Amino acid sequence: MRKPVIAGNWKMHMTCAQARAWIGTFLPLIAELPNDRHLVVAPPFTAISTLAELSEGTRLELSSQNVHWEGEGAYTAEISPSMLKEHNVQYAIVGHSEPRKYFSESDEQINHRARSAQTNGLIPIVCVGESDEQRSRGEAERVIRRQVEQGLEGLDPSQLVVAYEPIWAIGTGKTCEASEANRICGLIRSWVGSPDLIIQYGGSVKPGNIDQLMGMSDIDGVLVGGASLDPEGFGRIANYVKS
């Protein structure tokens, strides 16, 4: 049985003081969280130790927003798996569309990051998705399949999460129709050939659409951006009820 993963990606938001205030509001909202789901937050690196301390003994798990493929070395601005594990981080987001866009990350680099995470006991959340232009040209499936096949090469599908995030739906307020998101997630599952693969949807997820998304047969969780910054809104998302 696939256990859904509800994850919030804070991106470059939240100081340590803001993270403390956030978790003070959020933790009471998940006091009765059902046991049939994982709950994860990916804060900026500076707030990881703060959240690790304040979330100890709760249902909240931690993710990094990236991870390097080397254990140490002259890699300015990067972070290693061992540095993350020291703070009880369990997941690592790799391949998000923003580093793909702004830092020209390739599928090969993303695969190196994901392999490093998995080898060192972290669960990679590998992001894939097409741009608006690629979708309008009918290239969405080809682009996503390439990202999946190259990004997941050599990985154990039972120890990773794939996040389908159509780029045109990230931070735009546009949400992919639940049925279409479900169709793409089903294709990803068939390409990987693993019925137990956890596949999230990401892209303008909010309290108003979470129940419908989680009612889809091939969507096993969500990767939430802006809506995860509001503790009450993210609490509602965490406590979804399938529609």
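Each Cβ is built from the backbone N, Cα and C atoms, and glycine gets one as well.
Here's what Swiss-Prot has on this protein:
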| type | residues | note |
| --- | --- | --- |
| BINDING | ASN9, TRP10, LYS11, GLY171, SER204, GLY225, GLY226 | substrate binding site |
| ACT_SITE | HIS96 | active site, electrophile |
| ACT_SITE | GLU165 | active site, proton acceptor |
Recorded positions compared (LYS11, HIS96) - the one with the fewest other Cβ atoms within 10 Å: LYS11
Residues close to substrate site centre defined by ASN9, TRP10, LYS11, GLY171, SER204, GLY225, GLY226, Cβ within 8 Å: ILE170, VAL224, ALA227, SER228, LEU229
Same-chain residues at least 6 apart in sequence whose Cβ lies under 8 Å from GLY225 (substrate binding site): GLY8, ASN9, LYS11, ILE170, GLY171, GLY202, SER204, VAL205
GLU165 (active site, proton acceptor) versus recorded positions TRP10, HIS96, GLY226 - nearest by Cα: HIS96
Inter-residue Cα distance where the pair is TRP10 (substrate binding site) and HIS96 (active site, electrophile), in Å: 13
Residue among binding-site residues GLY171, GLY226 with least C-beta crowding, 10 angstrom cut-off: GLY171
Neighbouring C-beta atoms (10 Å sphere around the C-beta of SER204 (substrate binding site)): 20
Cβ neighbours within the same chain of TRP10 (substrate binding site) - under 8 Å, at least six residues apart: VAL41, ALA42, PRO43, PRO44, ALA47, GLN65, SER228, LEU229
Annotated substrate contacts ASN9, TRP10, LYS11, GLY171, SER204, GLY225, GLY226, maximal Cα-Cα distance (Å, integer): 14
Cβ neighbours of the residue listed as 'active site, proton acceptor' where a neighbour is any other Cβ within 10 Å: 27
